[in-house]
Amino acid sequence: MTVTGERAHIECEDLVRIFTAKGVEVQALQGLNLRVDRSDLVAIVGASGSGKSTLLNILSGLDTPSAGSARVAGHDLLSMRRRERARYQRHVVGFVWQQTARNLLPYLTAAENVALPMVIARRSGRSERVDHLLDVLGVSHTKDRRPAELSGGEQQRISIAVALANEPEVILADEPTGELDEQTSGNVFEAIRHVNVELGVTVVVVTHDPLVSEHVRRTVQIRDGRTSTEVVRRSEVDEHGAEQHHVEEFAVLDRVGRLQLPDDFVRALDLRERVRLRLEQDHVGIWPDGSRRNGDDG
Amino acid sequence: MKMQLTKRHGAARILIRQAVASRGAGLVVILTALLVAGMFALWPRVEERLFTENARDAMAQSSAMMRDLVMVAAGGPPVGEQAIEAVFDSERPALTVDDVWGASQESVLEAQQDMPGLLRRVTGGPRMVAALDPVTTPSEQPHPEFVEMNTHLLADPDYAESVSFVEGTAPGFPETTAQAEPDEHGSVTKLDVTVEIALSAGVAQRYAWQIGEARTVYTPQAEVHLELTGVFEAVDPDDGYWLHVSSALEPLVALTDPGLVADAHGFISPEAIGTVWWILGGGSTQVTRVWFPIDASTLHANEVPALIAELRAFNAAAHPMLLEANHVSVPASRFATGSIDILENVRAERDSAVALTAMVVVGPAAVGLAVLALASKLVVGRRRRMIATMSARGASAGQLRAVLAVEGVLLGLVPTVAATVAAARLVDEPVGRGWWLVPIAVGLVPIAMFVGAVRPAGTTARRFAAAARLRGWVRRTTDVLVVGCAAVAVILLRRRGLDSGTDVDPLLVATPLLVMVAACIVVLRVYPLALRVLARSLEPSAGTVTFVGSVRSGRERVAAVPVLALVAGLAIAVFTSVLLTTIERGAESAAWADVGADVRASSARGFADDAVESALGFAGVDDAVAVTDAGTTDLFHGTTTTKVRVLAADTSALASVQADVPGAPPLPADLSELRDGVVPAVAGGVGAVGIVGEVVAGRHDERVPVTVVQRASGLPGLSQGEPWLLVDVSAWENTGISLERPRIVLMRTSGEVDQAALAATLNTNGPLVSPPEHVERFQNSGLAGDIRVAFMVSVAFAGLLAAASITLTLILGAPARGRLLSVLRTLGITGRQAQGLVAWEMGPVALLALLFGVGLGAAVPGLVLSGVDLRPFTGGREQPGVEFDYGLVAAAVGAFIVLVAVVVGVAATISGRLRLGEVLRVGEDGA
């Protein structure tokens, strides 16, 4: 994880999104922080209802946050006007949803589906680009077929091609492998990674799939509308020339110093309400509030 | 939209793909648009055509005498010196037709040239005929038929156009020989003139006048021999010309005291008119009839008001005709025509028909638009995903709207333009520009529905909620406004009576629509409440279907369009059947009021004394009475004078004949005897019981004392709206004043009567009339018949629309129903129960719509019929009261329900077989 002074490619700070339905307010995001560097590949994991999809909807410009700040490639998602939003969706982000029905129009062939975003963006040289993208994703043979005539994996790979049509800087994918079997799922994820590496596109993937989350360098966990922990995987070649995989778990500290402890830590020490903190030379220690426990016993 | 249209991956190709993919839904929109626009385009054109035909028929059926523009001037073409000198000097160059008539004809043509365009278009070439006083032309042998034969000499410069000689030659200029005759002062020159004449074959034969035979007329200065030189037949006996010179083809015969007297017209050479006038005494009157034949065969209904105005203006001005009477110029005079009355009648009929049909059509028209909107929803449902996907990929609202607008144009505007053009081709009638724009504008409905499906990108939930609140507010406000407007319209209409204006009254047309929409709103708002109550009361005991069905119907949004369609359709079915009954019964009572008995015979020359006896001797005639119409005369009583029509009959026979006639007053039994020398009378519209007055009657205007013993509102078949007195023939004749011959015989009949034979027996001058035939003849002529067809068409159309709206609503509700059923199936309901749920979806609302629709249809006639003049359709003098025929109403409602049920059933079967919901790709979002 790199947190540098320079602007990240995706930068969310204290992002809040409140839904109001029939007078009941649901706070889907409660001050979420996220930074993703250019050309990074990040997986976002979390239980259902944790706010993953809300975050992705905000990043794709389909939804507007209630408060906080969110910037993607220099576009401020809160202050974005209709015209800028359209430009943003056309040129800056591309996305892939779990259901192919949301990615592809059923009556268009694969090639036409890939061409559609370019038609919207009035881009020229469409045919060449369609051919190129289908080729990159290894689905050239499906060109003239309609989604109904394709396998789930092929559909998702075409969906990735659709997302890439206008050379976006960021690809957002919401459970892109959710409806696929393991084998296909692997292929599709491989395609995403390929795109990330070859084209240098920043990728954010929301997933449940451990196959995906365990194969990305950085996994961000969202809990109750906040980013709670991050797992960073590094591979280093040790002195014996063998590849070493390092997995480190981090908690996220926000600007004002708030920190969310992982669930298992809290349970293990039965941390409740108050904890003791102590600043050491190179770390911070946390203890259960002993006085309270004594009080309870007494 | 600037999407590039490249071949392989262009916008156009993608649009076409999309359109083809949802061709089922698109086809439904196209068909609905065609149907609705076709109705909007055809209706006014067909109506205009019927009005045009009606106007042309009314004009064509009227007699030329009445229709044509006629001027009758006392005088003839100028008689110059030449005309008189020609009598004495046969050496002089002959007079030509142009010498005599040229100037007059010129002046008539000038009058025509000054006519405004429309009037000039419908008038034919002018004709002029000069007629001299009749001369008696007895044959040498006593004539077997006539006691007197009169010949009117006519001169017509153009008569050669109308006659063709079958024997002999056309008459030439008179030949004169002057003879000096001795008298007490010496000698005078006595002229002996031969005037050649032409008679029609019919007249020559009836007059027993042979070619070459001369009949002599003596005048103070001449002995005039009228010599028949030519016998002709009419080139076209049906030409209106022969009505203007009425007795030229057949003599006119009148029965007088000494016997039959005949009058006929004969032609002399046209250039001889001045000469013959002088020979026949000079002082005699000459009458010239000038007329423009009116040919309405090119007249269009929309030109009628303009033509009326032009005729009025033309008739109001005096036109100089360059005619002379006794060498003095005839002052300019005016033309007159009965066309104005005919056309006014046509216009009144048209206005009433427009108002009635507008009331009947406005409902289906509104429903048609609603159904088109419903059909458009099918396509919108199919496009939602495309909108969502494209919008997420950065398509602007403008781009999406443009795409959908193009589709709307293809599915909506193109069919409506096609339908309008086709309708205009099919029924090529000039209609206002509005009737081009309105049907085409129907195509805007799909465009609006499609374009309206695009919501601006980034619409937040907060804004959604605000929009929903706004929609709720707008809806409540609209509800209140519509119901309020309907109430105000009803009150206004009730306060105001029969509208005498000529234009279609917007209030009159709008009120039924407003009331209908208000009724729908009430149904839609009351329905959920009613069902909630029903559901609550059913809860403990009801089965699954009843419970789920009633709860669901009460809580889900009710489909408004089928409710509107059903209420409108049923209201129209009931309204039209009430209207038809009202018109039919109105026509019937008008017919009885006109005819006055089971059978009525009339004779212009009067019935023989034994007419009643011979009628009574005829099989099937139970009773008969002869009625003398003594005409309108003055009634004096006290210091006032009133014009009254005096009718005389054997009153006891009249009472018996009219015993079963609706509207006939009971007559007192003792009308046949004088009361102290005074004639007892029944009076209508004049006097009071007990008053004694005198009426002027008889040859020498004697005064006959009468007393009113009873009053009545009218005498069927006899009184015609103006004040009248009915007296008994024997009481009247006891005063010593004789009556003219009766011209009317009324008969009470039973069973079949051979009317033709009866007419022959009575020697009537036309067919007999009886009320049913009268009604039939009336209803099959003109607009009354067309109205009936129009009503049936609109009820059928309303039925189709209702069926279409129900089917579409069921299809649109398929996804939600499918979800519900799949939940219920897992709980174990049967297929039959599932069908029951579908029935619950439309059943209760249809039932409520039935109640409201029928109620509305029954209430509206009383409300609006007072505002429409129905007299043109009944032929009566009085506006008929609203009449219900419950059998007919039930039949109309039943037919409507059957039609809707059959169409929905067929559609359901087809959709079940084709899985129509899938063909139309409804609710594809879940696919």
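From the backbone N, Cα and C atoms, a Cβ is placed for every residue, glycine too.
Here is what TrEMBL says about this protein:
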TRANSMEM  B:20-43  transmembrane segment
TRANSMEM  B:353-380  transmembrane segment
DOMAIN    B:365-423  domain 'ABC3 transporter permease C-terminal'
TRANSMEM  B:400-424  transmembrane segment
TRANSMEM  B:436-457  transmembrane segment
TRANSMEM  B:478-495  transmembrane segment
TRANSMEM  B:507-527  transmembrane segment
TRANSMEM  B:558-580  transmembrane segment
TRANSMEM  B:789-812  transmembrane segment
DOMAIN    B:793-908  domain 'ABC3 transporter permease C-terminal'
TRANSMEM  B:845-868  transmembrane segment
TRANSMEM  B:888-911  transmembrane segment
Segment-segment contact (the transmembrane segment (B:845-868); the transmembrane segment (B:507-527)) at 3 or more Cβ pairs under 8 Å: yes
Please identify the stretch among B:353-380, B:478-495, B:507-527 with the greatest number of Cβ pairs below 8 Å relative to the transmembrane segment (B:436-457). B:353-380
Assess whether the transmembrane segment (B:507-527) lies in contact with the transmembrane segment (B:353-380), where contact requires at least three Cβ pairs under 8 Å among residues 6 or more apart in sequence. yes
Long-range CB partners for the transmembrane segment (B:20-43) (under 8 A, at least six residues beyond its ends), listed in sequence order, are 357, 361, 364-365, 368-369, 371-372, 375-376, 378-379, 381-383, 407, 411-412, 415-416, 418-420, 422-424, 426-427, 435, 438-440, 442-443, 445-446, 797, 804, 808, 916, 919-922
Within the domain 'ABC3 transporter permease C-terminal' (B:365-423), count helix residues (DSSP H, G, I), strand residues (E, B) and coil residues, in that order. 55 helix, 0 strand, 4 coil
Maximum Cβ pairs under 8 Å to the transmembrane segment (B:558-580) - stretch from the list B:400-424, B:478-495, B:789-812: B:789-812
Which sequence-distant residues neighbour the transmembrane segment (B:789-812)? Criterion: at least 6 residues beyond either end, Cβ under 8 Å. 28, 32, 39, 47, 357, 360-361, 363-364, 367-368, 370-371, 374-375, 377-378, 381, 559, 561-562, 564-566, 568-569, 572-573, 576, 579-580, 838, 841-842, 846, 892, 895-896, 899-900, 902-904, 907-908, 911, 916-917, 920, 922
Using DSSP, tally how many residues of the domain 'ABC3 transporter permease C-terminal' (B:793-908) sit in helix, strand and coil. 97 helix, 0 strand, 19 coil
Across the domain 'ABC3 transporter permease C-terminal' (B:793-908), what does the pLDDT come to on average, as a whole number? 81
